[in-house]
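Peer 1: One structure, as structure tokens, below. Some questions next.
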Amino acid sequence: DFLCISLVNGFTQLRYNLGDKTVILQTLQKVHANGNTWHSLNAGRVGNEGYLDLDGINVTQKASPGMNALDTHTDFFVGGVSSLNLVNPMAIENEPTGFTGCIREIVINNRELKLTVNDPKGGANIGDCDGTDCGYTVCKNNGTCQVENSGFSCSCPREWTGTTCEQSIHCLQNICGSHALCIPQPSSFSYTCVCALGWTGKYCDNKIKFYIAKFVGNSYIKYTDPFYEKRDLQYSHLSLNFTTNQTEGLIAWMGKSENEDNDFLAIGLANGTLKVVINLGERISVPLMHSKYFTFSVGRWHFITVVQNQTCIKVYLDEELILFEDIDPQRKYTALNYGGICYFGGFEIGRKVNTVTTGLFQKEFIGKIKDVVLFQDSKKIQLMKAEGYNVYDGNSGN
């Protein structure tokens, strides 16, 4: 399998092979080869349907029956390769040659690669394309960079300050505690303090302990499973108690959630019913919906257990089996490779649930969670010892 972007006779080409045939897309227009025109290129595939967009002009390849996963286990190369033997003959039209020119802002699956000296795994014969201290995006938040004798300086938009416009003016004089993040609120010319796990109060200076975690809609807990390496991932098990009065919300997500290829098991609410979604590979997300609509009420605790036995999924709600399905009788993928990461209530600040879950769940969880047990462990996990923000003590009050 491969995916390759190249220049051919002045045109940009995308070629990929998922194991059955090579798909070729070529832009309608040539690039400007004058050395001083920047081009914006978007290329990729959804399943086996490809797309290639150069400066806003789009070319697509309609999906046809066949393979739909890209199985590659090599490094990712930009501008050239360490050995031409690594290039599949079908990946390019002519003999492979290295790229001459400038490349900036590479984003793969919504993650930007840092094109610096230290971040890549390796490389050779690379120079600084900008040639000045300003470089690319030195000034954050739409700041403008000027080259100075001593280096560079940034002219910042009204709302931002700092050497590289990295600091909000609203957080400049903040009195959030050391266990807090300052989140600017430009509309009210103010800020709010977002408290780390185990801290509360307006300025996050009150230490708390809890056994019941209370989520308020912009909260999350990220737990790292210390026993992940010893788990039998073909037989996963997750149980917890929750209470809520909402009809939408992500309760739990077992999986790294770094990109769309990550395996996951998710529990949440959708349209007032319980929804469980599992992905054991190839981005084949199988949603299981509880057939009954029922109103969740504050103070009413529900006990949910999800058991994965290879491709067979059982879901128990209040100790009643409500869902039982074999999501893949072919047994192509049987293990939940969740990376030892579990999220509760939502994801990191700035990562919206509907975006990260690609619409499987619409909102962050509002309610309480307790008694979380992974696999057949004899002890409940200690949510207090995880990472997270804006989580309150669910023992006190409602």
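Backbone N, Cα and C define each Cβ position, glycine as well.
So TrEMBL lists the following for this protein:
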DISULFID  CYS102-CYS129  disulfide bond
DISULFID  CYS156-CYS165  disulfide bond
DISULFID  CYS176-CYS193  disulfide bond
DISULFID  CYS195-CYS204  disulfide bond
DOMAIN    1-129  domain 'Laminin G'
DOMAIN    130-166  domain 'EGF-like'
DOMAIN    167-205  domain 'EGF-like'
DOMAIN    210-398  domain 'Laminin G'
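Neighbours and distances for these, please.
Peer 2: Of all the Cβ atoms in the protein chains shown, 12 others lie within 10 Å of the Cβ of CYS129 (disulfide bond).
Non-local neighbourhood of CYS165 (disulfide bond): CYS139, LYS140, ASN141, ASN142, GLY143, CYS154, CYS156, PRO157, each in the same chain, at least six residues away, with C-beta under 8 Å from its C-beta.
Every protein chain shown contributes to the tally, and the Cβ of CYS176 (disulfide bond) ends up with 19 other Cβ atoms within 10 Å.
Remark: CYS195 (disulfide bond) has GLY177, HIS179, ALA180, GLY201, CYS204, TYR389, ASN390 as non-local neighbours, by Cβ distance under 8 Å and separation of at least 6 in sequence.
Same-chain neighbours of the domain 'EGF-like' (130-166): 104-105, 172, 184, 186, counting only residues six or more beyond its ends whose CB sits under 8 Å from a CB of the stretch.
Across the residues of the domain 'Laminin G' (210-398), the predicted structure has a mean pLDDT of 89.
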Peer 1: Under 8 Å between C-beta atoms and at least six residues away from its ends: which parts of the chain pack against the domain 'EGF-like' (167-205)?
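Peer 2: The answer is 158-161, 218, 221, 349, 383-384, 386-393.
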Peer 1: Taking every protein chain in this structure into account, which of the disulfide-bonded residues CYS102, CYS204 has the most other Cβ atoms within 10 Å of its Cβ?
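Peer 2: The largest 10 Å Cβ neighbour count belongs to CYS204.
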Peer 1: Validating a neighbour-count step here. Other CB atoms within 10 A of the CB of CYS193 (disulfide bond): how many?
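Peer 2: Around CYS193 (disulfide bond), other Cβ atoms within 10 Å: 21.
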Peer 1: Can you count the other CB atoms that lie within 10 A of the CB of CYS156 (disulfide bond)?
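Peer 2: Here the count is 21.
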Peer 1: Work out, from DSSP, the number of helix, strand and coil residues along the domain 'Laminin G' (1-129).
Peer 2: 6 helix, 40 strand, 83 coil
